[in-house]
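What TrEMBL lists as domain 'ABC transmembrane type-1' is B:225-420. If you look up TrEMBL, you'll see B:44-66, B:111-130, B:186-204, B:224-248, B:260-288, B:300-323, B:344-366, B:397-416 marked as transmembrane segment.
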Amino acid sequence: MKKSVIFGALTIAGLAAGAAAAGTLDDVKARGKLNCGVTTGLVGFAAPDSDGNWEGFDVAVCRAVAAAVLGDGNAVEFVPTTGKTRFTALASGEIDMLARNTTWTFSRDVDLKFTFVGVNYYDGQGFMVPKALGVSSAKDLDGATVCIQTGTTTELNLADFFRTNNISYEPVPVETNAEGQQQYLAGACDTYTTDASGLAATRATFENPGDHILLPEIISKEPLGPLVRHGDDEWGDVVRWTLNALIAAEELGVTSANVAEIGASSTNPEVKRLLGTEGTLGEMMGVDADWAANAIAVGGNYGEIFARNIGEETPIGLARGLNAQWTNGGLVYAPPFR
Amino acid sequence: MSDTHAESIPFVRETTLPQAAPPTAERGVYKWGRENLFATPANALLTLVSIYVIYVVLSAILPWVLNGVWNAGSLSECREILAGTRGGCFAVLVDRWEQLFFGFKYPSDQLWRPTLTLVLFFFAVAPVLFFDLPRKLLAFTAVFPFLAYWLIWGGPILVPIVALVGVGAGYVVYSRLVAQSFAGGFFGGIAAAAVVWFLGGYLVDATTGPSSLLDAVPSRDLGGYMLNFMLGVTCVSLSVPIGIALALGRQSSMPLIKWLSVIFIEFIRGVPLITLLFVASVMLAYFFPPNSTVDLFLRVVIMITMFSSAYIAEVIRGGLAALPKGQYEAADSLGLDYAQSMRLIILPQALKISIPGIVNIAVGLFKDTTLVSVISMFDLVGMIRGPILASTDWNGVYWELLGFAALLFFVVCYGISQYSQWLERRLATDHR
């Protein structure tokens with residue numbers, strides 16, 4: 001009780017004139033900080049390093065949005081959320097946006113009243129098997145024992161896949177990824193199935209990663225992307241077009257190295273519009289003209305972010321695959337900046 | 001000396017023999033071993049089986065610990081150094097010890113603040129735990145909560161001072177009024193403290209400058225074992241007095257007080273702690289306007305305190321029920337009023353009986369503080385499960401980290417348990 005009053009006093013002291021019920025964009029500008037929900041820790045996607053700085057693929061999206069709105073990629077308050085608290089944190093306004101490898105589904109978009117602003121990673125469920133098993137396709141897994149996390153969509157996808165291919169399997173239920181990893185290594189199951197990015201990250205921690213392979217079949221669609229609350233379209237636009245700016249920058253050849261001068265030197269009008277040296281795109285959205293240049297300067301374009309956090313040079317070693325630009329046969333595609 | 005029997009007794013010893021050592025089988029380690037380990041065939045068998053089990057366990061653990069790697073930058077470096085041999089990768093503890101103890105966001109040049117608080121904590125808690133120490137030391141105990149708050153959270157020093165003055169004013173009013181009526185003193189004290197805090201709030205607002213002696217650290221930046229320790233200490237020390245009040249309230253003859261206590265206790269005991277924590281972290285956010293939520297640490301403290309005070313109330317009620325009715329009647333016949341009889345006669349005996357139960361709940365509560373990792377607070381377990389295992393360097397190190405966490409908790413819980421046994425012996429005034 002003593003403390004509640006102390007904190008009450010603190011709260012009063014710390015509160016500037018509260019801007020209630022204004023748009024999220026104005027709130028963020030007034031606050032000078034973006035509250036961005038991330039996971040409490042997922043290899044490659046979001047985790048603090050030994051100095052406490054958040055790093056990762058999802059974190060880069062938060063930093064890009066902060067740079068676009070506030071001009072500073074470090075003006076982010078990272079709010080760690082678990083799978084259970086993420087949606088309430090967003091709905092209650094504790095965070096302005098959520099970038100927490102969240103699958104875009106119908107019910108989350110429509111029923112939970114969120115707006116997915118795009119996809120930053122196309123994931124899907126895959127299989128990992130020991131090389132010694134001699135299996136090269138998931139369709140060869142007839143009669144296999146499968147380690148599977150209970151209560152997830154992966155469990156349902158697995159049942160569907162084996163039924164449609166008319167083959168049988170024996171599930172070995174596990175609770176967490178750590179448990180699945182142990183069971184799989186101990187030989188309790190022939191194959192371990194979860195999201196392909198998760199499998200790659202798990203395999204990267206093995207003592208002998210080369211002894212295990214990921215099968216080529218991806219049996220479900222898991223588009224992961226950032227999301228905001230329903231009903232605040234101005235803010236949704238900012239997050240959506242920041243993500244699109246990162247993607248378009250890769251397509252247009254704008255990198256963190258050349259972003260400072262290419263806006264002036266390029267002859268491509270779309271580059272000029274994107275970087276704000278021509279046109280009024282930033283003004284339309286209510287941010288500075290060089291919003292996209294700031295966002296790209298923080299961590300580079302989409303390809304650079306991918307390569308640095310989860311790409312083939314990192315221990316996780318994910319290939320671009322579906323996440324290549326549409327010009328390279330992938331699904332990553334930004335609408336025109338016009 | 002006659003020679004009568006000289007022919008029948010060839011030799012008579014005239015001096016006593018020096019004391020000989022007992023036979024080997026009847027002394028030292030042989031005797032102890034035979035009596036304690038190999039007394040009967042069944043015992044011998046059990047001994048051999050136990051020795052074998054201990055051997056199996058140690059032969060698995062010892063090489064792993066002794067061959068451990070303490071200096072490496074990542075798990076893969078560890079594996080290179082080990083080069084296929086078995087050994088723990090304890091380098092993760094060296095690399096991340098700051099995060100394990102203080103969380104990953106507490107400013108690293110300010111770590112002396114929580115460390116100093118911990119040292120002061122031992123001084124503050126000593127006179128409470130060991131009542132043979134001079135009573136004057138309690139003055140520091142009374143100041144410590146405010147000092148600790150200021151050291152850990154920083155910010156304007158006026159805030160803890162105002163809080164302290166408020167408590168002091170409440171105490172003065174209480175001690176003036178309590179002679180007339182306990183209730184008058186109780187509520188008068190609360191009112192006086194509230195007035196001081198209310199006025200002090202304006203004072204703090206008016207005088208807070210941009211700079212303060214210690215940088216402010218928001219609650220979200222607290223973490224690691226420090227967070228477990230803070231939650232455990234705060235909640236136990238708050239929930240014992242609240243638990244006593246609830247236990248007395250439940251036995252009260254005033255129906256309103258009684259039923260409020262009963263409903264509170266039964267409701268809280270009927271709800272899992274994790275549910276209360278979710279309410280604290282998630283649901284309460286809906287009830288506040290977006291920018292003015294109550295601090296998350298405080299919300300969690302309130303919920304855990306409510307939870308454990310309900311349990312402690314029931315333990316103390318058990319102690320109260322164990323006292324013979326004669327004790328209550330004796331207190332009445334001496335002419336003591338309610339507060340006096342409780343303070344001087346009933347509670348000292350009831351609390352002594354309740355010690356094992358209270359300690360049991362305190363130990364359980366301390367370990368339950370790890371549940372806050374579920375609501376994305378980075379306590380010790382949260383740090384391990386989240387940031388450390390999710391870093392590309394240390395993903396895959398489980399035994400070393402979780403074993404270390406278990407060790408830290410064991411040290412504290414075993415200490416609490418040893419203290420409570422000492423306390424029971426020390427307070428054993430009956431003639432058992």
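Every residue, even glycine, has its Cβ placed from backbone N, Cα and C.
Comparing B:44-66, B:111-130, B:186-204, B:260-288, B:344-366 for CB pairs under 8 angstroms to the transmembrane segment (B:397-416), the maximum falls on B:344-366. For the transmembrane segment (B:300-323), the partner stretch with the most Cβ pairs below 8 Å, chosen from B:44-66, B:224-248, B:260-288, B:344-366, is B:224-248.
Packing against the transmembrane segment (B:344-366) from elsewhere in the chain are residues 228, 232, 235-236, 239-240, 243-244, 304, 307-308, 311-312, 315-316, 318-320, 322-323, 327-328, 330-331, 336, 409, 412-413, 416-417, 419-420, 423-424, 427: each is 6 or more residues past its ends and has a CB under 8 Å from a CB in it.
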